[in-house]
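As recorded in Swiss-Prot, the features of this protein are as follows:
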{"type": "SIGNAL", "residues": "1-17", "note": "signal peptide"}
{"type": "DISULFID", "residues": "CYS21-CYS68", "note": "disulfide bond"}
{"type": "DISULFID", "residues": "CYS31-CYS45", "note": "disulfide bond"}
{"type": "DISULFID", "residues": "CYS46-CYS91", "note": "disulfide bond"}
{"type": "DISULFID", "residues": "CYS66-CYS105", "note": "disulfide bond"}
Amino acid sequence: CVVLVMCMVVIAPMAEGAISCGAVTSDLSPCLTYLTGGPGPSPQCCGGVKKLLAAANTTPDRQAACNCLKSAAGSITKLNTNNAAALPGKCGVNIPYKISTSTNCNTVKF
């Protein structure tokens, strides 16, 4: 019982600040057309990219966002990997990793 309480005390603060994959998916859903080979990203897409970058302001948040992006990239059937990698730059932001199914999110730092 004491161990369970200790785990809850240690894990709860970390979970509270973590970015959810639902939020990542929601923010980037306007990017789907571009990510599957469509023309440049829409203003709504870039707004979502910028919102996500602003929300990921700690190393754990950036790693969580990276893992969500990696998972989402793997679930997009016709993902254009070049467009995925170019997305941040097309939106005028810099993220410290490539949006890819092969990214090692454990190496992402703030």
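Cβ atoms are placed via backbone N, Cα and C, with glycine included.
Under the DSSP three-state reduction, CYS68 (disulfide bond) is assigned to helix. Within the same chain, residues at least six positions away from CYS105 (disulfide bond) with a Cβ under 8 Å of its Cβ are GLN63, CYS66, ASN67, LYS70, TYR97.
Between the CA atoms of CYS68 (disulfide bond) and CYS31 (disulfide bond) there is a gap of 15 Å. Across the fold, the C-alpha of CYS45 (disulfide bond) and the C-alpha of CYS91 (disulfide bond) stand 8 Å from each other. Listed in sequence order, PRO41, SER42, CYS45, GLY48, VAL49, LEU87 are the same-chain residues six or more apart from CYS31 (disulfide bond) with CB atoms under 8 A from its CB. When the alpha carbons of CYS21 (disulfide bond) and CYS46 (disulfide bond) are compared, the span between them is 18 angstrom. The Cβ neighbour count for CYS66 (disulfide bond), using a 10 Å radius and every protein chain shown, is 25. DSSP assigns CYS45 (disulfide bond) to a helix. Within the same chain, residues at least six positions away from CYS46 (disulfide bond) with a Cβ under 8 Å of its Cβ are LYS90, CYS91, GLY92.
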